[in-house]
Ligand SMILES: [Zn+2]
Ligand SMILES: [Zn+2]
């Protein structure tokens, strides 16, 4: 199928039931409670990362930020965690969240707080990306929750929707595992170095930066298209990818849900392909930033007029259709970056006047992390 829309299908509007009981408000204690616990948790994680940078920070990322300047941010995080924690007691609402936030902040103070000296760094091949998690979580929450509040597709959809905790767990895990994924990618690269062509790499590096970025996007998209399609269409592989499709509410956090096996395969294959291409480091940095932002945006509860961009790049509406459990959308829209390969290989489904009414898999998956981790290994 290669269609804008299925003329025989009756498209429906999605119904989002308002959940006033789940809304984030200052008065119901949810805003101070969650602010306190998140800031307390991040502060404690940050202090630990300052104490044990060899084990808890990412070598490549460390070069990009100033650890001492970030101590100022930590200072505000700690004081605000205490302030919001105390507020829950004043309001007499969500005191457990406030108490947990205060407790974590006090432990962070006891370990040295925002004056903790930056520990000695001996780069290790494998570490937990605690720094990457903290920075990505702060940045993404601020930017994407604001965008979703300003330009929502479904205004009634709450931030603390069903299964947000599960997706937050996936978000944390994916960021903590960054150095393991990079290590796996490098392992693949060292085994396929013989494929690389010096003359091809030199030719690519001599082209303008914008062209290198376009090439990287197209090559990665081709690899991701086929990797994604194989995960959908090979029966034994589908249960791994079904985890990503088990989300029934789409927002910026939803895209984090993915089986760890698929994450390693997907990232490893892309790293290998991009390495063989041999573009410059600048072009790679631009590509990685673009890919990371696009991956979050396309899952978001976001409705902005993309204009002609939607005919070129994968946008939220296009990828939301990929997550739909409605018949005409099944096994369509595999592309990650541009719509080109879906157009070329006949898997394009984009009824521009409609959004999906239903998301998720036709067969329900377990709702816990461990249940989903072992789901592909279950006997069927
Ligand atoms: Zn898929
Ligand atoms: Zn997705």
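Glycine residues also receive a Cβ, built from the backbone N, Cα and C atoms like all the rest.
Feature list (source: TrEMBL):
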type	residues	note
DOMAIN	213-347	domain 'Fatty acid hydroxylase'
TRANSMEM	31-53	transmembrane segment
TRANSMEM	73-91	transmembrane segment
TRANSMEM	98-116	transmembrane segment
TRANSMEM	128-147	transmembrane segment
TRANSMEM	168-189	transmembrane segment
TRANSMEM	209-226	transmembrane segment
For this session: With DSSP as the reference, give the number of residues of the domain 'Fatty acid hydroxylase' (213-347) in helix, strand and coil.
Result: 87 helix, 4 strand, 44 coil
Exercise. Considering only Cβ pairs under 8 Å, which range in 73-91, 98-116, 128-147, 168-189, 209-226 makes the most contacts with the transmembrane segment (31-53)?
Worked result: 98-116
Seminar exercise, completed: Note: vs the transmembrane segment (168-189), the recorded stretch with the largest number of Cβ pairs under 8 Å from 73-91, 98-116, 128-147 is 128-147
Exercise. Against which stretches of its own chain does the transmembrane segment (128-147) lie, if we need a Cβ under 8 Å and a gap of at least six residues from its ends?
Worked result: 42, 45-46, 48-49, 55-58, 61-62, 65, 159, 171-172, 175-179, 252, 296-297, 300, 302
